[in-house]
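One structure is given below, encoded as structure tokens.
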Amino acid sequence: MNNPWSNFSSAFGCPIQIPKQNSNVPPSLPVPVGVFGVPLRSGCSNQMAFCAPELTDRKPEHEQKVSKRLNDREEDKDEAAACSLDNQYDRKIQPCIDLVDSLRKLDIGNDLMLPAIAVIGDRNSGKSSVLEALSGVALPRDKGVITRCPLELKLKKMTAPQEWKGVIYYRNTEIQLQNASEVKKAIRKAQDIVAGTNGSISGELISLEIWSPDVPDLTLIDLPGIAREAVGNQPQDNGQQIKTLLKKYIGCKETIIVVVVPCNVDIATTEALKMAQEVDPTGERTLGVLTKPDLVNEGTEETVLKIIQNEVIPLRKGYMIVKCYGQMDFCNELSFTSAIQQEREFFETHKHFSTLLDENKATIPHLANKLTDELVGRIIKTLPAIEKQVHDALQQAKKELQKYTQSTHPTVSDKTIFLVGLIKAFNEDISQTMHGKESWFGNEIRLFPKIRREFRTWGVKLLESSAKVEEIVCSKLPKYEDQYRGREFPDFISYWTFEDIIKEQITKLEEPAVAMLNKVIYMVEEKFLQLANKRFANFQNLNNAAQARIGCISDRQATTAKNCILTQFKMERIIYCQDNIYADDLKAARAEGISKDTKIKDLAFGCASRQCPSFALEMVSHVKAYFTGASKRLSNQIPLIILSTVLHDFGNYLQTSMLHLLQGKEEINYLLQEDHEAANQQKLLTSRISHLNKAYQYLVDFKSL
């Protein structure tokens, strides 16, 4: 006979070296140790999905197998070694599960993705019966939804004979339970307080801890059964509320999903399995549990077997089958041991399902072992990631706490240094913004690209004005010819006419330039205010001082910039250009000619003009030539004025003004006075850091086991 442990390996990937043994002597086994020193439960393969078959030879006849199980229950020769292995495994299970329970109790769920087992099922699927069998306590049973809040079941196995003990937690309430019979009433009361008495659903967690020698070391989260329609006085949207709540829990990548399905229904139609497939399409995190095998119609047993053998809807973690004791068993005070014995006898004597017992795929004890193995395996696998999450969250919380003063900067000297640091950081933000290097997040746009957009619009405005020169000349020349021509002969180019047309066009650009200035200064002021709110959010007085300076400097720089722009346009109305530059622009304008759309023939200059439109052509060329140079000048000059006065000077003056706050040392306490909201936030951060430090210590202590 082959050594039964030859293929044995750790549940967490660590192979075991088995020494050669005499075939007639039970093997002496080393304890397999996985990651963080967790040994493998006896009888489990490295996949943690199937257990080693029993080693006794059995005859194929069903009657002989039943007789052998019921009348001759000899212990296997390897029981001693296996029991020793189980004991060492069990000593590691509880610390492993307690670790995650302790982390979850610290209320740092937003920082960590903790492994969990969530139990879901359609209404009347037998979900509550499975949980009752695992926990050994009766749960509330009402018409409609039984579980109306997420119920966390923390089962703690006691090694030495001790009295049963339980504790229920909800809304900062802790109630001690002295007897298992008190659980049902306590849960119903908690659900009524948390979710109300009208059958509503709540996402608030209720936690129940049970210590008993008859329970496995296991933590489960019982979720409301999926209801297709409301019952009684329940809200009509109960079904949707339940689905939303379930997706919140089973959608977490670290959650193992236990789907409870009755044997006497079409598994493909169950809502619970459909929801599990939505969030876990590969079935990697899902375990199916079939219930009510005693209600299977005769002739359909093979269909159930195919489901359990993963031939219908495959799941990576496979399927198990259980027969739970019902409410009547609780009423008759059927003991836990007797109920387990009855379930085992059912499978041992069943013509079709007895083989499942051989494969450890049936009964509540095997389900408990399976769930424990899966949870421990998930915990071990995610411990490095959890440790990193705790470390990162702790560093981030400490960084945020540095924004506050009361606990970290108690003395005036410390506060002065802290204020210097705050102002220095703010001034650095201003400097980075001035040079277009400020930090940004997500889809946020930096300030300089926003300003550049306005400058681009200004450039387009100048191009449009330049393009309209021909049309303007054609519309203005008749008026100047008829109303303003002096003693000059027709077709002579009038410099005064040329100058008036240029001045009029330049003046029209003054208003858009000032409008652009106002837009840009609003952007700059808004950005600087955002930076002040970011750096000084926890210090209202300091923030107010910064905002007052920003507003004052903004008004002053807006006036300065506007005066500079008006001065620039005043100079532009003095028609002047270097001869060589103008000559080049005129040459280019003459070469380009007048566009085909210009209707020179419609000009009414007099007889001579109508016969020869050269005067109009020449005037258009001169106006275009000058306006080309003026446009280039204004296209750069106005943005330079705005950048200089509204961005750079504004930023420099603001930085200097903020440094002046350091001169009044008697005002430091006033400036660093925290508002009520900031004080509360500081307390929350301090508490969060304390919890994260505890979490980190839990991880360190666990690794040292």
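Cβ atoms here come from the backbone N, Cα and C positions, even for glycine.
Under the heading region 'Disordered', Swiss-Prot lists 60-79. Sequence annotations record features per position, and here Swiss-Prot assigns compositional bias 'Basic and acidic residues' to 60-74. The domain 'Dynamin-type G' annotation in Swiss-Prot covers 111-384. Summarising the annotation, Swiss-Prot assigns region 'G1 motif' to 121-128 and lists sequence analysis as the type of evidence. According to Swiss-Prot, the GTP binding site annotation covers 121-128, 222-226, 291-294. Under the heading region 'G3 motif', Swiss-Prot lists 222-225. Taken from Swiss-Prot, the feature region 'G4 motif' covers 291-294, and the record attributes it to sequence analysis. As annotated by Swiss-Prot, region 'G5 motif' applies to 323-326. For 616-705, the entry in Swiss-Prot reads domain 'GED'.
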Please report, as numbers and ranges, the same-chain residues at least 6 past the borders of the region 'G3 motif' (222-225) whose CB is under 8 Å from any CB of it. 118-125, 127-128, 131, 139, 145-153, 201, 242, 245-246, 249-250
Which residues of the same chain, at least 6 positions away in sequence, have a Cβ lying under 8 Å from the Cβ of Lys127 (GTP binding site)? Val119, Ile120, Gly121, Thr147, Asp222, Gly225, Val260, Thr291
Among Gly121, Pro293, which are binding-site residues, the residue with the most C-beta atoms within 10 angstroms of its C-beta: Gly121
Which residue, of the binding-site residues Leu223, Ile226, has its CB surrounded by the fewest other CB atoms within 10 A? Ile226
Taking DSSP as the reference, which of helix, strand or coil describes Ile226 (GTP binding site)? strand
Measure the Cβ-based neighbour count of Asn124 (GTP binding site), defined as the other Cβ atoms within 10 Å of its Cβ. 13
Count the residues of the region 'G4 motif' (291-294) that DSSP assigns to helix (H, G, I), to strand (E, B) and to coil, and report the three numbers in that order. 2 helix, 1 strand, 1 coil
DSSP says Lys127 (GTP binding site), in three-state terms, is helix
